[in-house]
Structure formats: C-alpha cells, structure tokens
Amino acid sequence: WQKRWVNSEYKADLGKFKLTAGKFYGHPLRDKGLQTSENSKFYAISSRFKPFSNKGKTLVIQYTVKHEQKIDCGGGYVKIFSSDLDQKNLSGDSHYYIMFGPDICGSTKKVHVILNYKNKSHPIKKPIRCKVDGYTHLYTLIIRPDQTYEVKIDNEMVASGNLEDYFDFLPLRKMNDPSVRKPTDWDNQVQIDDPNDKDWDEPAHTMDTSAENPGDWHDAVNGEWLYPVAKNPQYRGEWKPRQIDSPNSRGVWPHPQIDNPNYSPDLSVCSYENIGIIGLDIWQVRAGTIFDNFLITDDEVYAEDFGDETWGETKDPEKEMNIKQIEEEQERERATEEKYFEQQLKKKVGRKKESGKGRALRSPVEKEEL
C-alpha cells in the first residue's frame, strides 16, 4: 500500500497512517485499512489512478469509515482531485473537485458533500447526519448526468434530489417581479391585539403604608422619611394584550414571479475532465479511524454489489467480535474486583487472628500479677 499511496510533505509533523484491521473486525485480512495513528494531527495522503472524465456518465464515489476510537472531533471524508495535483504538497489549500464523507466535532455530526463549480466550492444545503458509533459504515455519493445526486449510508439512500435545488451553482430560475409592489391595503398580519382586552393596572412595587416612622428619625439630619418600597403581591408581570385572529388578514402576499434573466442552464455542472487522484486531507483530535474499500466507478449497481461483498459480509462479525470483547473485559474487571476484595478479607481475618493470639498471651500474665 505504501507504493500506491503518497504521503504529503507540506508539513514536517503530519500524522502517520498504518495498515490494520483495528481492535475488532469481521475478517483479519479483508478489513485491513489505512488507520490514523497519532492524536491531534493533520493527515495528508493520496493515491493516483488513470485519469478520466465523468462527462455524460454517472460518477460514484464510495468507501468505508470506521471510527473505532469513538471519535470526538475529526474528519472522515475523502477528496477527489485533478491528476495535476502535486501529491507531495497536498494540503487543505489544495484545489479539489469533490469533498465527501463524515465530519464529527462536538455537536456537529454531518456528512459533507462539497462540489466544485467554476473554481468555487459549493456545500450541500441539506443537512445529512453521519453515523456516530464505533463500527464500519459504507458511504456512497452518486452524481448523475441528468443533474441529480444521491447519498447513501450502508447502501441505503439518505439524501437525493436535483443538483440545482440543493447547491448554489446557478442563479435561481425564477425571481420576484421588481415591477410589482404589494398593494398598500394588503393586510398580511395573521393576529392582532384584542381591543377588548384590558390592562391590569398593577405596578411591580408599592409603598408599604404599614411601616412606621422610627422614633429616632430626624428629618433635619436624615432627610424626609418616606414609606419603604415593597414588592406588590398583585403584580402579574408586564401586561401584553391577548392576541386574536385578524378579521382583515389576507395571508402572505404572493409576489409574482418572472424568469430570472441572469439564469442560464448549464448541463456541465459537476462534469470534471481530469479526475485522477483520491486523497485524505483531515484533522483528528483522537486518532484511530480506519479507511477502506475505496471505489470510484460509473456503475451504481456494481458499487452497491461491491459494498455488499465487502462491508456487507463483515459488518455483523465485526459487531459480534466487539460485543464479545466487551463482555470479556467486563468479566476480567469483575474477576479483578473479586480478587481484590478476597485479599482484603484475608488481611482482615489475619489481623483478627493476630489480635486474638495477643489477648491469649496477655491473659496469664495478668492473672499472675493479680
């Protein structure tokens, strides 16, 4: 694998990848993948393949991600580059065609889909939640020549639609007619203040008239004595009139739409001429993620079958192995605790025996002295 993958050298302290199936797996050989091995590091590695164009064809990008370290902050996505990329200088500033995959950091748990159009990156406008457990998951992005896309996780569709609807590649097809204004008598207020609702005229504080002037109070010295201020028990908070439905409301005014003169369809959206490199350019606080089963193809059926034959065949044995390891670890912890308490009990019994012997030896001496 070191011959197929090139480590970037843009920074001297980039994290290192290693080949492993991890702590638990479905198959010791088939589940081997590239694993991040150092905490709080940037990683940059890439692999080159024969360049191709997806013009007029379906493009499928698929791979598996396993966050067996239960990642708290770090990327698990891949990037697709032009064959012109200088792999030795791969970094976060490197121009890419597509960025796809999970990203987790605190409350952020999403799947990135970022597509390049006219040298500008456009993220998907629809939020897609990624998997957050420690098992291997299959991520698939499909971009079709009919300007539609689909995202699948574990071979199940989680998002799909028209590219123009979910990415800001082009201006909107329709726009508000600038020559038309909302009628001045149009009432779009759904609710209004109830004119029959009356204000509760109760202040927040009142004078405590039950208080008496202290006998030693001198106005000349202390100033004029005033009743102290106390909270008003009748106060019900700031008064706001009750809301009722507006009898004159006509709802939201529908602004007439016209064709946007700035819109021009482009059938070459997400059509890339020189796809030639796949790379991992990520940051991870806690290392341990395993990347495997990379696939780039124009055949959706083949990609699904490939996913079933790789991830699909080892996902259940992987879970079984992990559950068994957890049970064994719990059993070892119980055995350790039992051994500890056993030793403590023996020490306690031993101290009691020693104490009993001491009393037996002292007893005759005390009688003789008596």
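Cβ atoms here come from the backbone N, Cα and C positions, even for glycine.
A disulfide bond in TrEMBL ties C105 to one cysteine from C73, C130, and that cysteine is C73.
Looking up the ranges 33-58, 345-370 in TrEMBL, the one annotated as region 'Disordered' turns out to be 345-370.
Within 10 Å of C73 (disulfide bond), judged by CA to CA distance, lie the following binding-site residues from the set K79, D103, D281: D103. Y96 (alpha-D-glucoside binding site) and C105 (disulfide bond) are 22 Å apart (CA-CA, integer value). In terms of DSSP helix, strand and coil, the region 'Disordered' (180-215) has 0 helix, 6 strand, 30 coil. Taking the mean position of the Cβ atoms of Y77, K79, Y96, D103, D281 as the alpha-D-glucoside site, the remaining same-chain residues with a Cβ inside 8 Å of that point are G75, V78, M99, F100, G101, H112, I114, G279, L280, I282.
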